[in-house]
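Residues annotated as transmembrane segment in TrEMBL: 14-33, 53-73, 93-110, 116-134, 155-179, 191-212.
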Amino acid sequence: MSTVVMSRATRRRWWWFLWGLLAVLAIGIAAYFVTPYLTGSSTVPIDRSIPGYYVSLVIHAAPAGLALIIGPWQFVPRLRARFPRLHRVLGRVYLVSVVAAALAASYSAAVTPSGFPLQVAFYMLVVAWLYSAAQAYRTIRRREVQLHRIWMIRNYTLTFAAVTLRLYLLLGVQLMNVIPSLEYRDVYTSSAWASLLGNVLVAEYFIIQRMLAPLARGKRRSDATVAESPQPVGQDH
Ligand code: HEM
């Protein structure tokens, strides 16, 4: 009995640790990478001779940063239960931010000088980001709370690609010291693909293990109980 209680407590502690890490990384990356764009500057060299490129990055980065910061709080059950109105308001701001950031990103992706393989990764992200946001909105309008949760997990994992992309970039730049033939353009492209695919896999693993598997096990158990319970005499199946 006590081992069950302990393991639950440990699991809770783990969840809070992971949530804290997620929130700190989200706020840190948004603060460091987005703030320069609010003051006419940038953290990476931007070719300002490309028409509309810098402006599209500003229109993209500001709402994307906001979505990144709002996300973690929306997943805290106690906050949702105690302040349901705040959850709804922040949820709307989050979704509008995602749509604005995704539309601006589709222009940045069209004109970026960083090459076709990177553009493909960005367009896949844009489509998945918009589709999962639309599904999250549609499901909650129909009061399908569990489905809404699943689509929001998928959507925020894509938002979080902004964090993992920059972590992989940091790692890749270190690798360039070890592998001299490695070019920044290749590191950038592979980081974008790794963040897209890696984050999608993590989201699906979480959804299947934490949300769908317990439901499937519960269903199997209830099916077994029905099969094992004595049937009324004379009722053949
Ligand atoms: C997940 C969907 C996202 C997509 C499809 C996307 C797409 C893009 C694209 C196409 C660019 C231009 C890159 C280039 O030309 O090299 C860009 C840059 C940028 N994005 Fe995103 N982005 C996404 C999420 C985010 C989020 C959540 C943030 C919040 C921090 C963010 C912040 C930025 C910033 C600050 C830049 C300017 C480049 C830099 O300073 O690193 N993006 N994004």
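Keep in mind that glycine also has a Cβ here, set from the backbone N, Cα and C atoms.
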Contact between the transmembrane segment (191-212) and the transmembrane segment (14-33) (3 or more Cβ pairs under 8 Å, separation 6+): no
Considering the transmembrane segment (93-110), which listed stretch of 14-33, 53-73, 155-179 counts the most C-beta pairs under 8 Å: 53-73
Beyond the flanks of the transmembrane segment (155-179) by at least 6 residues, Cβ under 8 Å: 22, 25-26, 29, 33, 64, 67-68, 71, 74-75, 98, 125, 128-129, 132-133, 136, 187-188, 190-192, 194-196, 198-200, 202-203
Beyond the flanks of the transmembrane segment (14-33) by 6 or more, those residues with Cβ under 8 Å of it: 43, 61, 65-66, 68-69, 71-73, 75-76, 160, 162-163, 166-167
